[in-house]
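Asker: Below you will find the structure I want to go over with you.
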Amino acid sequence: MELLVASAIGIMTAGGLYLVLRLRTFPVILGMSLLTYAVNVFLFASGRLTIGAPPILRDGVEIYTDPLPQALVLTAIVISFGMTAVVVMISLGAFLGSDDDHVDDLLEEEVTSAEGTP
Amino acid sequence: MSLFFIVALPFLGALLPGLMNGAGRAACAGVTFTVSLAAFLGLMTNLPSVLAGEVVMARVDWMPVLGLNFTLMLDGLGFFFAMLILGIGLLIIAYARHYLARGDNMGEFFTYLLLFQGAMVGIVLSDNILLLLVFWELTSLSSFLLIGYWKHLPEGRQGARMALTVTGMGGLAMIGGMLILGQIVGSYDLSVILQNRELIQADPMYVPALILILLGCFTKSAQFPFHFWLPHAMAAPTPVSAYLHSATMVKAGIFLMARMWPVLSGTPEWFVIVTSAGLITMVLGALIAIFKHDLKALLAFSTVSHLGLITMLLGTGTAFGAMAAVFHILNHATFKAALFMSAGIVDHETHTRDIRRLGGLRTLMPITFGIVTIAALSMAGIPFLNGFLSKEMMLEETTHTTLFGIWWLVPALATFGSLLSAAYCFRLIGHTFLGPVRDNYPSKPHDPGFGLWGPPAFLVVLVVVIGVAPFLAEPFVKLVTASLLGGEAEVPKAYFKIWHGLVPALFMSVAAVVGGLLLMGVFKPLLRVWESTPRPEAKVIFEGLIEAAAALARRFIHTLHNGAFTRYAMIGSVAIIALGLHAWSTGTVGAPTRDPQSASVVAIAGWAMLVAATGGLVVMHRNRLLSLILIGIVGLMVSIGFVFLSAPDLAMTQFTVEVVTIILLLLALNFLPNRTPIESTVLRRVRDAGVAVAGGLATFALAYHYLLRDAVSTPISEFHLANSYKGGGGTNVVNVILVDFRGFDTYGEIIVLGIAALLIYALTETLLSGPVRARLLNRLPDQPRAGDMHPMMMVVLTRVIMPVVLMVGFYIFLRGHNEPGGGFIAGLIVSIAVVMQYMASGFAWTSSRLRYPYHGVIGAGVLIAGFTGIGSWFVGKPFLTSDFTYVRIPPFEKFELATAALFDLGVFLAVVGAVMLSLESFSRLAHRAQDKDSEHPMDIDPSRDDPPEDQPKPVTEGV
């Protein structure tokens, strides 16, 4: 089980990193979402893995999973929605304003050569 | 009066002139004068204690842990300077009332002036060196405002900038020096520091501290090589020049050297640095002053020269030198302020300050002539005027001072400096007032009213009184000297008198005056020589340095910050991976303490789906719609993973957030291109993949090691589990943590969420009000539109589902305290219910039926949560303390009422508002000009007889 979760975190991180390094905004946003999953799962896993023991108090039940990482990750998930929405809005605004969804600024020589070509 | 009031009065009073601006100029100046007078009288009430040799203290602990306390101290030295600042301040205010033109904003001027006055008084009364630094910086800032008061003059702005740059940098150096000093002594209280001379001078950090502190003093007091800013600051209105640049601010550096004299002076380093800087400044300033044609520039350089003189006297490190310095500070303040004000009068009446265009004013402006003559002769060192006495003492001191082993060096240079000083004084009198009356003054000169000449005349009376009867000033000067010396040396016995006999100083004095007269005799040829010799222009050098520094900073920034975000991401990722690798290879890893748990087939299947979706996403990310579906699968698998791993709340949150995120991205994709073109080279993709794999492996290794080991110490979660029901009244520990244990965190988070939504709204507004708007309106869809954009089935279904979803949301919200659920999840569920209406019937139709603006919903949420928290104040508990009770209303079972539920309601509303505002903003962008807003919920409605006119034709191409 641990191996599965750890490898899932690793794979999502790798995928996220690769996409974050792309040149257009949309894949970068997707990459950030993937990284968000990875980070959230990682934070959640800091409470270690427990199966079938949710932190809902019941009479006679002694074993519960660690509730604190869950509370922290819960807000992190909601906040990451806000963050994604802002980033999407910014990239959208940039695209609508310049008809270009590149992540990087054009270097100066590229700008001049682009202006030079009809 | 308490020292706090004396310091606080100018600051508080600074509010008044601006308010009184409308009440007329006299009221404005009057209120300023009253404030200053109150502070001055307050200071005077402390005179008896000071005369008795006591040190008046006032103390309030501010940040005791940092050693920063609001401690004030009034001794002889502080009293002396505070008296100069407030006393001359009064004269300046009276003078400025008549000096400022009708067009000048008087309230603004006096506000700045009082701020400056307060800061200056703060410096001289501070007992804590950190507090002193705060006031020190305040004088730099307020003098910046005063110098640049005439904002329309480029010289004023440049001069203000230069003064701020130079004194500000000096201030930075001084902060360093003071901190070192505090570290050496172990206290930042001046009274403690002053007792530790041996400790400080024996410390290896003494020299760095000394140099840094002196940098601050020299820049403030315009000592060579930082003297150049002062003449440029003369672009200020004359009252400012008279106040800041003769009597007060430039004396701040001198004050600090005097203040630190008991602990810093007496070492060879102090002697060499301070004496030579003072000597050079004195001679250089005097030399330049002779050849300045601008009255104020001449006075500025003469001030530089006299400040050098005082610095040199402090540098000698003897008690007699210190006494001469104190006496000269007093004398210089009187005659120089009078001279500046007189220069202002000449400027005011003749409309020029150029000496070459003046001359012959003797008969036209007799009162001004009298004032200037007395003050200038005092400055030149003519007997029966106060300047003579202190200059005599200075020359006397130099005959005992040997610098660099050459006995004649200091006396000779001092005499030469005095000679030059006498020369420019004679020039000031001769070329401005003597000579033939001209007929081409820019304005017809005459003496001004009493308001302008009264203040300098008062100072000139002091000049004469002290000059004739020095024994009147003697006890006071000795008292100040005693407090300056701080018990490190005896106050000299020497009496202040005009005739000391045929001492060397007398001959030097005579030589200086005669030499000065002779020099004036050959002024014209000398001026030709001076003007033909090339000299370094300080302003050019300064501007060159600034320009070079700016260019360097630009190069540096452009190299590092070139706009290539991908590069930043790459550098950041590689750096983090490398740091992790370093920690990994240098640290130790303990043995596993947990046994791996076996994975069921279901878990493996879920994992396989997640991995497949992630892999597919990376490989097929160029197809954007497909990649959205794939990332949806990843999110779904993560949610299911949460269910599996005992986190029902997380699963519900993740699942609902997933829905709104995908909708959001779909809305965005509506505008963005559908495919990502191939742009990067294969090499680049391989490189990126390498970094990604390395990062993935690193997180995998970290997570795997982490999961197989227990926490080093017991997690705090035990506390939460134990107290959730007892203290928070809920059995769902996650929810109790959110709304109770860590409620403040949650409160912050809903605010952040609200801000994010408002930001999105604001960005949308900006886009829609800019040039993008037209493009959006005329945008042609890049995909064929569906013939039935608001299909009946979907409309009917969402209407039917709406109450059900709302009820589910309500249920989830209510049970949140004890079962999985709560405000966050309920908020997301309700948002989805509303979003479905938008999707089914379109933006216009839905938003016209929603009565609550989403901003208001966010605000209401934050307010409800905040007031719930504040409510606990009324029962004397800290913010957000929760309480709960159980009630029973007959037909129902016993149920719980908790304030936490109210807080959760705030969370719920904030989440609904934020999610809806974000999505709504995106939808507003999609509105196009050719879309007619339909008043019907669906496009095809069998119950409707008339088919709507604007119904789009079914698109056939591509079928």
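From the backbone N, Cα and C atoms, a Cβ is placed for every residue, glycine too.
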Asker: In TrEMBL, which of the ranges B:25-43, B:367-385 has the transmembrane segment annotation?
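Answerer: So the range that TrEMBL calls transmembrane segment is B:367-385.
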Asker: Among the recorded stretches B:162-185, B:326-346, B:405-429, B:498-523, which has the greatest number of Cβ pairs closer than 8 Å to the transmembrane segment (B:450-473)?
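Answerer: Looking only at B:162-185, B:326-346, B:405-429, B:498-523, the most contacts with the transmembrane segment (B:450-473) come from B:326-346.
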Asker: Can you tell me how the residues of the domain 'MrpA C-terminal/MbhD' (B:610-673) break down into helix, strand and coil by DSSP?
Answerer: 53 helix, 1 strand, 10 coil
Asker: When only pairs 6 or more apart in sequence are counted, do the domain 'NADH:quinone oxidoreductase/Mrp antiporter transmembrane' (B:126-409) and the domain 'MrpA C-terminal/MbhD' (B:610-673) reach 3 or more Cβ pairs under 8 Å?
Answerer: no
Asker: Based on DSSP, tally up the residues of the domain 'MrpA C-terminal/MbhE' (B:683-764) by helix, strand and coil.
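Answerer: DSSP composition of the domain 'MrpA C-terminal/MbhE' (B:683-764): 68 helix, 1 strand, 13 coil.
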Asker: Could you pull out which residues elsewhere in the chain have a CB under 8 Å from any CB of the transmembrane segment (B:689-707), counting only those six or more residues past its ends?
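Answerer: Hits for the transmembrane segment (B:689-707): 570, 573-574, 576-577, 580-581, 584, 589, 594.
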